[in-house]
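Report on the structure given below.
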Amino acid sequence: MASNAGTVAREHTEPSAESRKPTWRDFYQLAKPGILFSNSITVFGGFWIASGQTGERIDFLLLLWTLLGSALVMASGCVLNNYLDRDLDKLMTRTQKRATARGAISPRVVMWYGITLGVVGLGVLYLLANPLAALLGFAGLLVYVWVYTAWLKRTSVYSTSIGGISGAIPPMIGFTAVSGELGAGAWILFLIMFLWQPPHFWALGIRRKEEYRAAGYPLLPVVQGNHATKLAMMRYTIMLVPGSLLLYLYGYVGEIYVIAATILGMIWVVMTLRGFQAQDDEAWARKMFVYSINYLTLLFLVMVIDTNFVSATPSIPFERIG
Ligand code: HEM
Ligand SMILES: CC(C)=CCC/C(C)=C/CC/C(C)=C/COP(=O)(O)OP(=O)(O)O
């Protein structure tokens, strides 16, 4: 199936000499900047709520190093993901313009670009944050590049859920950069991100099911169909509501967060339920995908605004203290 589709895709999309020329923009895009930005929001969230528990000033220099180090490590993961997926990325409209799929940059250069980003990023985390933050970065990289990209994405319907472990690590990096240990807050943020990712990705999977099928990826919508995928999405969005409230139960955030997280989560559950009556699954899935990103951004925004700062030291920014 995959090889037939591949022949068809290649016939229509053989890149011209012009499209083969690499640009600086290609190198930038290989790091998947949109995904880096959202993941950095979660690093920031982890850093901020851990800072709330220390009773000390926010260490803005440490914040800067943590954001830089984690962004470099995540960029490394994205570049290496593009490197490893360059054959199948040719077969999907969504991905075939990537420099790796067009053959615009030599695979060796891309591989070394990814490795360099990773080594520098892990070095920044190790030397300027702490060894635990670096270790988590390394674990995230390993899961994303090796377990998800090189292994499960091509072979298993469980790739999305297990790959979600890597996307749940960035807020833990932010948290441990401050605390130096894996406190309850780190695990709760892990849980929130772990539950958020499958509905985020399956929305896209339903919308682009035929592309994924043609490329040969055993994604849930491809293997079990839209209905089974909607049921699975519902399980995750429902669990996300109580999951997100654990931050309040453990004293990291206040009541404003509780109200916002409940409303945001319930909207997502209702949207998921509406999927069972949708006339047009692709249109519904597009809305679900957009909402997943808005949900994540708003949840972390409110989390940061309503962080409980345990100390009444007036030097803490925004005076959201005590
Ligand atoms: C198992 C984990 C994940 C999978 C499989 C996944 C999959 C994807 C895919 C395939 C796209 C491309 C959409 C397109 O080109 O139309 C995408 C976009 C996006 N993802 Fe995820 N994602 C995951 C985790 C995350 C995480 C952890 C974040 C952020 C915290 C995130 C944020 C985004 C954002 C902001 C976009 C849109 C921007 C862009 O396409 O550059 N994703 N995701
Ligand atoms: C600490 C660390 C390194 C964490 C990794 C964080 C990270 C980059 C999470 C995002 C996961 C993601 C975008 C998966 C999509 O890959 P895909 O291959 O399904 O997407 P594609 O088809 O667009 O390439």
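Each residue, glycine too, has its Cβ placed from N, Cα and C.
Noted in TrEMBL for the protein shown:
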- 1-20: region 'Disordered' (REGION)
- 9-20: compositional bias 'Basic and acidic residues' (COMPBIAS)
- 30-50: transmembrane segment (TRANSMEM)
- 62-84: transmembrane segment (TRANSMEM)
- 105-126: transmembrane segment (TRANSMEM)
- 132-151: transmembrane segment (TRANSMEM)
- 158-178: transmembrane segment (TRANSMEM)
- 184-204: transmembrane segment (TRANSMEM)
- 233-250: transmembrane segment (TRANSMEM)
- 256-276: transmembrane segment (TRANSMEM)
- 288-305: transmembrane segment (TRANSMEM)
- Contact set, same chain, for the transmembrane segment (132-151): CB under 8 Å, 6 or more residues outside the stretch: 66, 69-70, 73-74, 76-77, 80-81, 84-85, 118, 121-123, 125-126, 159, 162-163, 165-167, 169-170, 172-173, 176-177, 180-182
- Message: Using Cβ distances below 8 Å and needing 3 or more such pairs, separated by at least 6 in sequence, tell me whether the transmembrane segment (62-84) contacts the transmembrane segment (233-250).
- Response: no
- Query: When only pairs 6 or more apart in sequence are counted, do the transmembrane segment (288-305) and the transmembrane segment (105-126) reach 3 or more Cβ pairs under 8 Å?
  - Reply: no
- Task: Could you tell me what the rest of the chain brings near the transmembrane segment (256-276), counting residues at least six beyond its ends with Cβ under 8 Å?
- Result: 199, 227, 230, 233-234, 237-238, 240-241, 244-245, 247-248, 284-285, 287-288, 291-292, 295, 298-299, 302-303, 305-306
- Item | Spatial neighbours of the transmembrane segment (105-126) far in sequence, C-beta under 8 Å, 6+ residues away | 22, 26-27, 30-31, 65-66, 68-77, 79-80, 82-83, 86, 99, 133-134, 137-138, 141, 173, 177
- Long-range CB partners for the transmembrane segment (158-178) (under 8 A, at least six residues beyond its ends), listed in sequence order, are 39-40, 42-51, 54, 59, 62, 65-66, 69-70, 74, 77, 125, 129-130, 132-133, 136-137, 139-141, 143-144, 147-148, 152, 185-187, 189-194, 197-198, 201-202, 205, 218-220
